[in-house]
Amino acid sequence: MTKFFGLRGQALHRAMIWAVIMPAYILFGYNIAVAGGLLSLPAWIKTFPELNTLTVIGTQKTNNSRLQGTVVALYTLGCFFGALSCIEIGDTLGRKRTIMLGAAINIIGAILQSSSYSLGQLIVGRLVSGLGFGALTATAPNWQSECSKAHHRGLVVLLEGLFISAGLAMAAWVNFGMSHLSGAVTWRFPLALSMAWSIVVLITTPHMPESPRWLVKKGRTNEAREVVSALDDKPIDSAQVQADIAEIEEGLAITGNGSFRDIFLHGR
């Protein structure tokens, strides 16, 4: 019988959570919080004097504050467009490849940020990182829910919140630890560290099952049966597997003709 990550059934579901969802959502919390703790570091101010709000006054402080807020918020703007891109990319590439693409783009963004020697490079890095992370976090929970039974999804949502909190705490402790050092490492290392979680996602995701819903939608029903069989830990020709596939087909028949505009029209 088909196995993913060498596992089937509940063991496979747990592996999906701990090996993909956990690093993705720790990255979520970490990326949100890490930049805020760097803004007052001497080495940061030396590299990006345009963002200095500590040793300037008057109009310059006002302008620097606005620019600082904009640079920090550009990450969120990138996330917005990265998430929107998944409306098309997620259905074209599939859930797994979209997750991996998002993780890879986030790594590129982290490299650009942590190696920055100019404000322009930092801005590009934050936008690129946001684009990748938006695609990753828009797709990962969708993939998880499409691979899970309805009665398990609430627990997964709870765990996602816990993982985000862990990421927030990690960013705070990393920034605190770096504040006791000197030099550019105090801000370059925290920005580079986000790559670690993206690398974990890149390594583990290829070994996980694809969304059976996406496979059925693409006409790859036999592959979907193999995935459902592994997730349910049932023979591929069992009644449970056939019922799950039929449920997916029924759901796609109802929602398959939906469009982006339906979000705003409430199905009218």
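Backbone N, Cα and C atoms are what each Cβ position is placed from, and that goes for glycine too.
Straight from TrEMBL, the features:
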type	residues	note
DOMAIN	17-268	domain 'Major facilitator superfamily (MFS) profile'
TRANSMEM	20-45	transmembrane segment
TRANSMEM	65-87	transmembrane segment
TRANSMEM	99-117	transmembrane segment
TRANSMEM	155-174	transmembrane segment
TRANSMEM	186-205	transmembrane segment
Rank 20-45, 65-87, 186-205 by Cβ pairs under 8 Å to the transmembrane segment (155-174) and hand me the top one.
20-45
Over the domain 'Major facilitator superfamily (MFS) profile' (17-268) the mean pLDDT stands at 90
